[in-house]
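Structure first, then comments.
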Amino acid sequence: MLPNQILTDITTVKHSFKAETFRPISTLSLSRNLSVSKFVPCLSKENKRDVLETIAKEFSNIEGEEFFVLPLKDLPIWQRECLLEHYLCPYDLSGSLEGEALIVNRAGTLLAGINLRDHLVLHGIDFVWQPEMLLQKLIDLDIRLQQSLSFAFSPDFGFLTTDPLRCGTALVARAFIHVPALRYRNKLSELLVPHQREFACSSLLPLSQESLGDILCLSNICSLGVSEEQILSSLRLVVSKILSAETEARNLLLKENSTEIKNRILRSIGMLTHSCYLDLQEALDATSWIQLGMSMQWIEDSEKHPLWSPMFWDLRRGHLALYNQDPANKTIEKEIIAQIRAQTTKPQAERLILRV
């Protein structure tokens, strides 16, 4: 179990970034497998424990960076969820958990998954849309680990992974973009059609098809036969296109001065101000409308605090448990979390000033 203070330090690092409204968030993942072991689906529990011990030992030897090894079987559910939320990791940790672990750095930007889909996944998050710098950090860590570990590699297929499409560079690059105006105007699908063979689209929650808070997640479909630089360059081009279209859509909404939009924004403020219970969908959708209103200068925060960026994470149940519950009595029980979520949004909504 990770001490609460360390977990709090890790999860609050994102609050220090005063990101612009449109700035995307990116995550990068490099998958690796030990050359001396079978792929994860073929491993026994004992073999998985051996892989975990081998890899974890190397992280403890890395100088200049403090890492925490967290076996999943010993990690409370709420801490697992909190870490996955913070790093925007698309993994389901409800399996056997034996021989599986997360390894996180003190800075709150790097995470390694052991025996999840592959023996090792090096994962990082970038809050200021500088994925090239994040990639270099992951590559440096990968090179350091390869000094002691031999990863499965083929001259023809690159790094070998459980999923054949993820061979090659074995890089998955994701961009999370807030696109409320495009969704409202039903313009998003036509923008994405030319890129559907190269990038997959999903929501904030990888196992859900529901759009949460008007967040679009783009990720490359294949890493075989393309370099890391090519993947990031293509992702930047698509994201830039979407951001330009979102800006244009917001300007049109502002010009139209739509009563319907204003009504949705005002109803969202009312919901966050007066609700006793809020599920995640309701809370993020309402927050998205409010953030849209703030970007159009129809709403102002009396304390000049950013709203969307912290709330993007802080309304999810792992973060709610961390920040709002007694250390000895943490729970992610649905009704309790819904009540805490409503209590969290109320003071945020009450300090908003209407300019419409």
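Glycine is no exception: its Cβ is also placed from the backbone N, Cα and C atoms.
According to Swiss-Prot, the features are:
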| type | residues | note |
| --- | --- | --- |
| BINDING | 25-29, 172-176, 202-207 | ATP binding site |
| DOMAIN | 22-249 | domain 'Phosphagen kinase C-terminal' |
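Known features from Swiss-Prot, placed on the structure.
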residue	record	CB count, 10 Å
Ile25	ATP binding site	24
Thr27	ATP binding site	22
Ser29	ATP binding site	25
Ala173	ATP binding site	23
Ala175	ATP binding site	24
Ser202	ATP binding site	18
Leu204	ATP binding site	20
